[in-house]
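I have a structure here, written as structure tokens, and I will follow up with some questions on it.
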């Protein structure tokens with residue numbers, strides 16, 4: 001068997017028909033013939049017929065429609081193939097697909113002498129494997145099967161045939177692979193006796209573009225005799241997918257004043273059709289621009305790349321003169337290289353004209369006036385400016401600077417973020433008596449720098465005249481606070497000091513009167529005319545109104561203005577300690593058992609309201625003139641404590657023991673305090689201190705008790 005050419009095999013596969021009663025019909029639906037040959041001319045001339053195709057659906061060809069695999073040709077209603085323009089090369093193979101509601105078919109157009117070009121039909125349909133598979137001692141002959149996608153009913157329909165010239169008697173064909181016995185199952189099948197391959201449903205190239213099947217021959221028991229031999233089913237693309245813009249929203253920015261030809265953004269669409277065909281060859285154009293001023297063609301889009309660029313002069317691209325600094329473009333993508341037969345998809349591109357700082361801020365007035373009362377702080381005037389730039393950017397936002405007239409830093413200026421006004425404030429109180437007028441020079445700039453060809457002019461500075469209003473200010477004490485140190489217990493009427501207050505309103509020549517404002521203990525008096533402060537009572541450092549030896553009083557100075565103004569001064573009196581407080585003991589009650597082995601009674605402590613050296617060390621003594629010597633004993637523990645103990649057990653009773661304690665002051669102060677000692681009965685873990693019948697001992701009783709105790713020894 002001689003090898004067959006790809007052309008002969010294609011003809012063989014495309015002309016397979018069922019050998020049934022249909023052969024007896026007078027009309028065979030489809031192209032007659034299936035393959036046409038065209039000699040490559042020097043040039044295909046636009047609108048000149050190349051050849052005539054014959055197609056019939058055997059029912060009158062109603063709604064006949066032709067599709068050509070090349071964008072350079074079309075088929076007229078009468079079947080004439082014509083070129084759409086003058087072209088010199090179209091490739092080696094074209095395909096024409098004809099369709100009516102009753103039939104469809106495909107014809108192959110072989111360009112004799114044609115050269116391969118990018119996107120040629122041979123590349124599209126992968127004809128690298130169209131030649132018969134070498135036999136290699138096999139008799140099965142297969143060639144790729146080409147099936148257009150989106151075929152209509154009826155199904156199943158025959159699409160090709162497998163030939164085995166040496167097939168043994170009784171052998172059968174078997175077809176396997178994805179689309180047969182693998183998912184998606186049942187799309188293709190083969191007639192086991194004739195080798196005719198049929199498809200059972202419409203195909204979608206965008207789902208599966210190539211089905212890789214395998215053909216083998218088997219005996220009646222299913223044992224493989226020959227094969228498997230690969231069989232590719234290639235789905236021919238139809239233009240059934242519109243271009244889609246998948247990456248929106250599309251927003252681009254371009255600076256105002258940009259030169260003509262500035263690229264703004266790129267818009268690209270996706271087409272699910274075969275990228276090797278014109279079905280997915282896209283061209284872009286701008287369908288609509290909103291607004292259409294100052295020019296209806298502000299932008300241009302590269303039809304192949306999708307780059308949007310400016311096409312107007314920089315002068316027209318001025319954000320401040322545009323009706324709207326935002327443009328919306330309706331961008332259309334069309335497949336079939338932009339031909340009228342191509343499918344389209346649209347998307348909206350939003351282009352924002354960004355502001356640049358090409359306008360300097362200008363004060364609305366060259367001079368501003370302000371008044372402020374002396375001593376007041378806060379905003380005194382708002383300075384207004386104009387700026388034509390975008391209010392949302394740093395090209396509009398103002399920054400103010402005081403460049404002259406503020407040596408004492410009494411003024412500050414800040415920008416109001418809502419209005420862009422300059423808020424001039426007094427931050428240090430002004431003094432009318434020092435200066436009644438101030439003149440400031442203010443400069444305004446933008447946060448962003450100006451473009452090189454724009455500068456700040458005279459209108460970017462302004463003068464502010466400030467008038468300070470005189471206010472009746474209260475007198476001021478000097479110093480404040482006033483401090484003096486005195487001993488406590490100084491005599492009543494002693495002069496502590498003379499306060500001094502001055503009136504800041506030096507130009508008004510006012511008089512000042514003094515008075516006591518706060519004197520918690522009522523110890524002080526002030527002369528209303530000359531401010532002399534003296535005492536009206538004894539000063540006591542231990543008073544609850546004294547804190548940390550300091551007594552605080554407040555005085556008023558009132559001027560003669562209308563209305564009068566008042567100033568407040570503070571006097572701090574530090575009181576030096578005098579030994580004027582006798583010490584005292586604690587506790588003053590103690591208990592002891594009448595049969596106690598340990599005759600210790602109580603540990604006494606002493607305290608003194610005075611300060612060192614008028615307090616401890618303290619001296620503890622028993623007032624011996626009234627107490628027997630052989631009953632009680634007191635022993636010093638340290639500077640502030642002593643131990644009281646018994647020299648012998650006493651009967652159950654209450655005893656008053658006079659304790660004398662003396663501080664270390666010069667002269668010292670002494671205090672005698674009775675210590676009440678309860679002698680209790682302590683038996684069987686019970687303590688009975690009931691004083692009924694107990695003795696309240698006077699000195700005579702104590703003496704008799706001691707004599708009785710001695711007799712009992």
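Backbone N, Cα and C define each Cβ position, glycine as well.
Curation does not apply to TrEMBL; its annotations are automatic.
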So which range, 110-132, 133-155, 156-178, gets flagged region 'Disordered' in TrEMBL?
156-178
What same-chain residues lie close to the compositional bias 'Basic and acidic residues' (158-172): Cβ under 8 Å, and 6 or more beyond its ends?
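Counting only partners 6 or more residues beyond its ends, the compositional bias 'Basic and acidic residues' (158-172) has Cβ contacts under 8 Å with 1, 12-13, 16-18, 139-143, 145, 147, 190, 192-199, 215, 217-220, 225-226, 231, 233.
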Summarise the domain 'Cadherin' (478-585) by DSSP state, stating how many residues are helix, strand and coil.
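Helix, strand, coil within the domain 'Cadherin' (478-585): 0 helix, 50 strand, 58 coil.
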